[in-house]
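Feature annotations, reproduced from TrEMBL:
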{"type": "COMPBIAS", "residues": "30-41", "note": "compositional bias 'Low complexity'"}
{"type": "DOMAIN", "residues": "72-194", "note": "domain 'MSP'"}
{"type": "REGION", "residues": "30-55", "note": "region 'Disordered'"}
Amino acid sequence: MAIVDRHQRSSERKMFSLCPFWHTSTTMNNSSSSFSTKNLNHNGSRHSETVAAKRSKTVSSIARSLLPPRRRLRLDPSNKLYFPYEPGTQARSAIRLKNTSKSHVAFKFQTTAPKSCFMRPPGGILAPGESIIATVFKFVERPENNEVQVDLKSKVKFKIMSLKVTAGVDYLPELFDEQRDQVTIERILRVVFLDMGRPSPALDKLKRQLAEAEAAFEARKKPAPDTGPRVVGEGLVIDEWKERREKYLARQQVEAVDST
C-alpha cells in the first residue's frame, strides 16, 4: 500500500514538472485577483471622498445662501426716511452713507415711486471709509377731501444697493445690470412723515442733516482750485513766466516808440 502511494505521488510530481504553466497561471490569477481587490478598494475610497467633497460643497453653498448678505454701507437713519409732513409741497429727507468695507463701493438708489421721488445724488462711488450725505425729494400729496391724515406713514419705499468695484472706475448705473449677481441690497427704507407742529428728536436730527446735505451740495458745485498752469482756449497752455516775458517785451516796444 505504501509502495502504491509513493508511486502515485511520484506521478503527480512528474505531471506538475511537465506542466509548469499551470503553476504560473495559478500564481498570476491569485496576484491579479489580489490587485483587482486592492484597486477596487482604492477606487471605492476615492469615489467616497469625491462624493463627500461634493456634498460638503453643496451644504456650504446652501449655508452661505441662508446667511444674510454682508453689508458694505452703514446708513443713518438705518431703516427709515423721515420727511416733514407738508401736504402739497416737495418735502426733503436726508440720509448718510458710509463705506465700511476695505474696497471701493458703488451705491445706487431706487424707489417704488419714481414719478414723485428723486435722489441727489442718485448714485456714486465711495472709497473705503468715505461717507456722503444724500438728499431725497418727495412730493407730499394732499389728503382726499382735505381730511386730516392720522397715519403719517407712506407706502413708498426706497432701496439702496451696493456693488464692489475697483478703484478708478467711473460710476455708471449700468454697472448694477452688468454685475447683477454681485449686487447687494443694503436696505429697504420706509417713508415716515413727521408732524412739523410736534418737536421731536427725529425732526431735530432731520433739520441738521438737511443743512449738512445742502452745504455739501453747494461745496460740490464749486469748481476745484486751479493749481496748475492756466488754460486759455482749447489746448493753449500759457506759462506764467512766459506771460510775464511777453508783457515785458511789449512794454519795451512801447517805450522805444515813445522815445522816437
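Even glycines carry a Cβ here, placed using N, Cα and C.
Secondary structure counts, DSSP: the domain 'MSP' (72-194) has 10 helix, 68 strand, 45 coil. Model confidence over the domain 'MSP' (72-194) stands at 90, taken as the mean pLDDT rounded to a whole number.
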